[in-house]
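Enquirer: Quick one: structure below, then a few questions.
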């Protein structure tokens, strides 16, 4: 990827310069607005530290949730500013707005090494506008915060697949660089997209088949096996004629699954047993059942132990592994064993078979942390779920493509 990097910017010198950084702080919060997974914040620290230590006046942009272009306290970045201050060991101020009076005053008042976090960029409807003129106007207002001799660093890999103002349009207005996180993510994904060592095993979970069709099509030619679990497996099982009862089912995708099984049946590996639940509840009654024995009115919320064993055997011989999506409702302890078992099998293959393993962001990355698994047991945990999938599908990522211009 022929783009300028953070190292190039630091070599040019940042002392006294305003540097605007797009980070990805779209982190999960509980009802008390406490961050439940700091993974994305931790991943952003090296770039922010390097710029601060280089004497830059750092202005950070990010979004949280979907406030739909309106100021909404529920989506304020206040918890993020607090977490950044704790993790960096220095005060990170939060502007009261995005490009308003407070943001300008604070940006103008920065001294070398200071870090300012702008309020949620999605509080401004122009951030996600389909109208290029609106996005350009917003980008100009953001770029103005950098004054003369400013620079833009793209370090939010989880958003580079979106052509939005703070990711894409601003890069047209300032000298632009890939942050350390974006650079690492792209190099890892290039490795598995272009030259994966065989056997290459892809593990797909998550709720919707429709979200993963593109990646199955794209990877079927390269992968030796595609393991399918999670909510999406029930549409495949239904396509094979199994009665999945009240399990998550995309009826309109059954024909597509039938077609995929006809073409890639030798590669697609499905569960052989399930963990059925009486209702969608962490305290639901549960049973381990074979594929046609889900009690009437019940639903499956996880893959069963035989499936974990089968999938583990496939993974044990792999040299390259890409995992995106949990195997079940891991947030409920009673239905987390499938995800835990697969994650552990990937960790074991990484250590025992020297496999190159990538966790493709999103819920799979969250599950590793929620279940207390060893994050260092994987070769790489991506911060971008949708972005990593789109990259592997062969789609252009606007936020990366613009950096090459």
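Cβ coordinates are placed from backbone N, Cα and C, and glycine is handled just like the others.
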Enquirer: Name the one residue among 40, 106, 263 that Swiss-Prot lists for the same substrate site as 24, 25, 26, 63, 64, 65, 66, 122, 162.
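Expert: Looking through 40, 106, 263, the residue Swiss-Prot assigns to the substrate site is 40.
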Enquirer: Looking at Swiss-Prot, which one out of 251, 252, 331, 396 binds ATP in the same site as 212, 361, 362, 363, 364?
Expert: 331
Enquirer: Which residues of the same chain, at least 6 positions away in sequence, have a Cβ lying under 8 Å from the Cβ of residue 363 (ATP binding site)?
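Expert: Those within reach of residue 363 (ATP binding site), by Cβ under 8 Å and sequence separation of 6 or more, are 205, 206, 325, 326, 330, 385.
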Enquirer: Does DSSP put residue 331 (ATP binding site) in a helix, in a strand, or in coil?
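Expert: It is coil.
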Enquirer: Roughly how many angstrom lie between the C-alpha atoms of residue 65 (substrate binding site) and residue 364 (ATP binding site)?
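Expert: Checking the Cα atoms of residue 65 (substrate binding site) and residue 364 (ATP binding site) gives a distance of 19 Å.
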